[in-house]
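Chemist: As annotated in TrEMBL:
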type	residues	note
ACT_SITE	Arg200	active site
ACT_SITE	Ser259	active site, proton donor
ACT_SITE	Glu329	active site
DOMAIN	54-229	domain 'FAD-binding PCMH-type'
Amino acid sequence: MKISQADGNVCTIIASNTQKQKTEDSSDSKIIYLKGTDCIIKSQASLSAFTSYRVGGSAEWYVAPRNLEALQASIEYAKEHELPVTILGGGSNLLVSDRGLPGLVISTRHLRHSYFDPQTGQLTVAAGESIPTLAWEAAKLGWEGLEWAVGIPGTVGGAVVMNAGAHNSCIADMLVSAQVLSPDGTLETLTRAQIGYSYRSSSLQSNQSSTECGCQPIVTQATFQLQPGTDPALVLAATKQHKQHRLTTQPYNFPSCGSVFRNPTPYTAGWLIEQTGLKGYQIGGAQVALLHANFIVNRGGAKASDIFSLIHHIQQQVKERWSICLQPEVKMIGEFQAAG
Ligand SMILES: Cc1cc2nc3c(=O)[nH]c(=O)nc-3n(C[C@H](O)[C@H](O)[C@H](O)COP(=O)(O)OP(=O)(O)OC[C@H]3O[C@@H](n4cnc5c(N)ncnc54)[C@H](O)[C@@H]3O)c2cc1C
Ligand SMILES: NC(=O)C1=CN([C@@H]2O[C@H](COP(=O)(O)OP(=O)(O)OC[C@H]3O[C@@H](n4cnc5c(N)ncnc54)[C@H](OP(=O)(O)O)[C@@H]3O)[C@@H](O)[C@H]2O)C=CC1
Ligand SMILES: C=C(O[C@H]1[C@H](O)[C@@H](CO)O[C@H](OP(=O)(O)OP(=O)(O)OC[C@H]2O[C@@H](n3ccc(=O)[nH]c3=O)[C@H](O)[C@@H]2O)[C@@H]1NC(C)=O)C(=O)O
């Protein structure tokens with residue numbers, strides 16, 4: 001991002017009676033420093049680099065707070081300016097519109113800390129920590145419980161909200177509690193039972209990612225119950241096996257969001273899509289993966305609209321052939337134009 005220093009266009013705006021923010025303008029971007037924090041809010045920040053599909057337009061405003069205070073200040077800023085808020089974790093389950101997102105996108109990727117408590121076997125981690133990194137760290141310590149999670153390239157927050165899972169395990173199996181920042185600004189600790197989990201679903205998932213003037217509950221931290229005390233070599237071996245299985249059954253060589261659709265019991269989406277003859281089917285740069293039909297991969301230069309159109313094409317074809325409506329697991333956010 002270019003910031004024009006030459007025109008010296010630095011101004012101060014009053015966001016509330018008590019808080020001042022400084023802004024620097026340039027022709028194509030603007031930066032706002034939130035007073036009392038090390039937080040910078042940028043305008044027109046491209047989101048494609050922050051999503052695993054590598055597509056999508058820009059956030060009207062973007063911030064990546066490094067601590068709870070900065071997160072709260074960001075939310076206050078959004079409220080004061082009546083900006084809708086979208087929460088971005090690792091962006092590995094998101095399809096962001098080519099037109100970008102209005103309002104403030106809050107990335108949790110800089111909310112970092114982790115503590116493995118050997119007394120309790122509990123792992124307490126901030127929302128922005130990487131799930132696969134934690135899985136490898138736990139394995140190296142000889143702690144069992146997260147072997148299945150390698151290869152899921154998301155954050156703790158995203159995994160808690162999505163109830164990420166693989167190989168017959170999921171986050172709900174090991175979550176003790178999650179710390180959540182509510183839209184009214186209060187912090188509360190929710191137990192697994194309070195979160196209400198089911199397959200790839202939780203009560204923390206909002207219907208819309210961008211909510212009007214305010215935001216969805218934000219997971220700031222989670223505690224998982226693991227089992228310490230195993231020979232690290234054994235846990236590492238199991239973890240490597242899971243990763244290897246993924247590499248042979250799922251396409252990791254092109255950008256994707258993992259499974260596009262939830263599995264409709266008693267079928268699997270991949271099987272249904274393959275049996276419908278759609279493997280390899282392509283719209284623009286978006287393709288039904290050859291290795292796994294429930295993955296759509298960006299073969300290069302795909303637009304979000306290509307992926308969106310392909311999702312709809314798959315749904316239509318599978319409905320026609322099997323009378324089954326595939327439900328997307330991927331969260332589509334921003335404006336999309338349904339095909340006629
Ligand atoms: C190659 C590949 C393999 C994958 N394999 C699997 C798999 O095996 N199993 C599986 O379950 N998933 C898998 N996924 C999908 C994805 O990684 C998971 O859904 C993951 O949990 C998403 O986490 P994230 O941090 O990237 O969330 P994002 O994609 O950033 O966000 C997902 C949703 O959660 C919300 N959100 C994110 N963080 C927070 C927070 N802190 N507070 C509140 N809301 C939040 C967002 O607003 C959004 O609605 C895969 C993806 C890829 C690319
Ligand atoms: N198709 C897609 O759209 C995308 C796929 N991916 C894939 O998702 C997976 C997860 O990605 P990513 O989040 O980068 O996590 P990785 O699993 O690649 O790495 C996470 C951490 O774990 C460590 N680690 C990795 N392998 C081992 C090992 N064998 N032994 C010990 N430590 C290890 C890494 O250390 P070190 O840094 O030392 O290697 C790193 O710190 C990867 O397979 C990646 O290729 C990721 C993003 C998008
Ligand atoms: C990747 C994700 O999660 C994955 C998770 O990694 C894996 C491993 O546990 O199991 C689920 O996939 P999946 O049900 O497709 O698992 P797989 O073992 O690959 O396939 C299931 C069955 O479908 C068949 N299959 C799969 C792909 C395909 O193109 N054709 C096909 O016929 C397989 O032969 C197998 O009999 C999760 N997907 C869902 C929607 O539940 C994700 O959620 O993003």
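One is the number of the first residue shown, and numbering goes on along the chain from there.
A Cβ is built for glycine as well, from the same backbone N, Cα and C atoms used for every other residue.
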Chemist: When a 10 Å sphere is centred on the Cβ of Arg200 (active site), how many other Cβ atoms does it contain?
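Modeler: A 10 Å sphere around the Cβ of Arg200 (active site) contains 19 other Cβ atoms.
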Chemist: Please report the number of other Cβ atoms within 10 Å of the Cβ of the residue listed as 'active site, proton donor'.
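Modeler: A count of 21.
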Chemist: Can you check what DSSP calls Ser259 (active site, proton donor), collapsed to helix, strand or coil?
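Modeler: The three-state answer is strand.
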Chemist: How many whole Å apart are the CA atoms of Arg200 (active site) and Glu329 (active site)?
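Modeler: Cα of Arg200 (active site) to Cα of Glu329 (active site) measures 8 Å after rounding.
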Chemist: How long is the line from the C-alpha of Glu329 (active site) to the C-alpha of the residue listed as 'active site, proton donor', rounded to the nearest angstrom?
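Modeler: Pair distance, Cα basis, whole Å: 7 Å.
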Chemist: Measure from the Cβ of Glu329 (active site) and count the other Cβ atoms within 10 Å, all protein chains considered.
Modeler: 19
